[in-house]
């Protein structure tokens, strides 16, 4: 390593695989690292030229704080080991086990099915540092909405070009902080926000957010965010008059969108505004297709189907030849399957069926007791999302069960003194005992970030794990700065219960899923019908 002025010459001795000869390569490092390869050096795992941010250094397992899954161990093995350790004490606190390897699989799947779209992870979904660091190492961008989120992402060495301030109503102090940090890309959807940005940050790269038809999403957003197409045309004109730089258009079809075709109309609307921008002399080069992607595949929520709808629509309205950069803001897509929550049953009550209920009911169920369980987490902690009518909650008893074991109508309460701390009710479960453990899989989205310490109950600890093969992927992808594409892709997207090995436990969990999923779809249909009636 020789220093010459402001430059450093690093001599790397390498061997070309094809020729079998030793060759010396010289790389000049200045502000950015440029690694240039001749055609003969481009192997199947190195698809294109690499370019690295100086601030993103090599990562080590210690940076993430995870333990390796050794000798074929699984997340289930880690959970059982942790339960065994806690069972020797009285402190049987709830805990998470998070497999960061799932983040890598999700990333590889994204690159495979939507290669033109660069994900900018929505930090609000789960801001756990190891998760965000894993995504940073993979080369994703980040959707930040506050000063804290910007600071978190910046602290990991992420360049400001990989951050979009995607909050259309920004607190002035947070806006000034973003300005000081050099965050340029930010969204707006009304004239007031446009004027606020013009006052604080004349050099901002603005992205106009438009409303969408999000009636098929679990959590609609257009009631609060987004301008109409006509209002968007007006805002583009206002921005041009004030010499503000509008670089593109964004939209969001709602969190957990059910209908991939929602993207089609939104992309077409964005094209209208791009054309209007060109007419006004705006240099618009960015399309942000937002979030809404499923966190795991269940009927009506299959990621491949979303990609199959989005890709041809992008090719139609924004072909690669247009030079428009496509990004997105996935939230639950990345962390949902990463986290499994283990809770302990700290109390149990048996509620007998009343005589009136026996008379009103029919069949064998009227003679069954009802079970009431109390666990050490709840709606003020990891389960706040169950307050929404579309929430999907599937408990999995940790102790092995017989497939044909008798089940009872069961209610699960949280641990706080709040009478509304109810996780689920009228759900068929085998009879459980106090002290047993329940597992809740797919708990990575909008759980940790929405958790509180109400009543003094602390948030569950999180234990991070990863297989060595997935760590190798992270090292290779990080070294290539997100441009790594292995010859063999990660396995197909898991279904809702693929985390369980074939056998009675998986069959039992599939039965639970069959109870819950139709309820979710039915509730969504009723909600959509009510909204249609309200509009009429």
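Even glycines carry a Cβ here, placed using N, Cα and C.
For the recorded site, residue 417 (active site, proton donor), the DSSP three-state label reads coil. Here residue 417 (active site, proton donor) comes close to 455: these same-chain residues lie at least six apart in sequence, with C-beta atoms under 8 angstroms from its C-beta. For 417, the entry in TrEMBL reads active site, proton donor.
Annotation comment: TrEMBL describes 96-444 as domain 'Orn/DAP/Arg decarboxylase 2 C-terminal'.
Annotated domain 'Orn/DAP/Arg decarboxylase 2 N-terminal' per TrEMBL: 100-334, in sequence order. If you take every residue in the domain 'Orn/DAP/Arg decarboxylase 2 N-terminal' (100-334) and average the pLDDT, you get 92.
Sequence annotations record features per position, and here TrEMBL assigns N6-(pyridoxal phosphate)lysine to 124. Around residue 124 (N6-(pyridoxal phosphate)lysine), the same-chain residues at least 6 positions away in sequence with a Cβ under 8 Å from its Cβ are 143, 145, 149, 331, 449. Taken residue by residue with DSSP, residue 124 (N6-(pyridoxal phosphate)lysine) is part of a helix.
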